[in-house]
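The feature transmembrane segment is assigned by TrEMBL to 20-46, 58-80, 100-122, 142-166, 194-219, 240-263, 269-292. Per TrEMBL, domain 'G-protein coupled receptors family 1 profile' is recorded for 39-290.
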Amino acid sequence: NSSDLSPPSFLLASIPGLEAAHFWLAMLLCSLYVVAVTGNCAVLFIVRTEPSLHAPMYFFLCMLAAIDLALSTATVPRVLSFYWFNTREIGFSACLVQMFFIHTLSAAESTVLLAMAVDRYVAICHPLRHAAVLTNAATAKIGLVAVARGVVFFLPLPLLLLPLPFCSSRLLSHSFCLHQDVMNLACANTTPSVVYGLTAILLVMGLDAILICLSYILILKAVLRLAAWKERLKVFSTCIAHICVVLAFYVPLIGLSVVHRFGRDLAPLVHVIMGNIYILVPAVLNPIIYGVRTKQIQRRILNLI
């Protein structure tokens, strides 16, 4: 029975009512993608060539830039191909591979954001121990752990979907493949996939968010113990860029999760827009935020220009 077999392909979602404007929408997405690639490559180049930036915080920033480059590159070119050339179908295997990279890289980015929060905590609350705790070797190990953690937790997601039968509906809610989206098209019991997916999200992104909040509670306690307001503001200002980057990652993530869990009756336009925001906004904003907040990066960018 062909209805019991895995489908040969899925159909990517378009923006309802704007099919005639796909070319210009693709131009907008392409422009954002170029900004993301240029900004993150600039961060990688500047940190690599500027000896004064060879510190754990900027090494973590390089990891963040590399993850954003990989995440946007795993999705945006395929979306542009759909909008420009109307290649709406994506093969089942290609969809699972894309899903794996999206969720794994998102988990790695969450881990790096947690490591950056710990870096700020140690630098502010235990400044004398900072150099001994966060060495270059320790920073490299954290990067490897971030990637390994994403692979270990999210590799089972496509494997759980692989044996499921899919019914006649092949239309996704986004212009790329996400676990919740593909899972909803299966015409079999998806309870194991639902339970594992929710558990993985809570143990990775959820736990990281809690630990980041805990780090900033401890940082605030240390800052408030300082006598002068100017000194408090000066110390806490070193955390502003990281706080903005955390919000740029977690707000779209939470919004997308809420749309998937509780927004099935929402217009398809909401799903498409939230998906594109989740993929592109952190990659575009992260280098801009750190470029504005870091004087060394500003100077090097001006020199390059």
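Cβ coordinates are placed from backbone N, Cα and C, and glycine is handled just like the others.
Please treat TrEMBL annotations as automatic predictions, because they have not gone through curation.
Counting residues 6+ beyond its ends, the transmembrane segment (20-46) has Cβ neighbours under 8 Å at 14, 53, 61-62, 65-66, 68-69, 72-73, 76-77, 79-80, 83-84, 86, 276, 280, 283-284, 286-288, 290-291, 296-297, 300-301, 304 in the same chain. Between the transmembrane segment (240-263) and the transmembrane segment (100-122), three or more CB pairs separated by 6 or more residues in sequence fall under 8 Å, so the two stretches touch. The highest tally of CB pairs under 8 A with the transmembrane segment (194-219), across 58-80, 100-122, 142-166, 269-292, is held by 100-122.
Within the chain, the transmembrane segment (58-80) has long-range Cβ neighbours (under 8 A, six or more residues past its boundaries) at 12, 26, 29-30, 33, 36-37, 39-41, 43-44, 47-48, 90, 98, 101-102, 105-106, 108-109, 112-113, 115-116, 119, 136, 139-140, 142-143, 146, 175-176, 245, 276, 279-280, 282-283, 286-287, 290.
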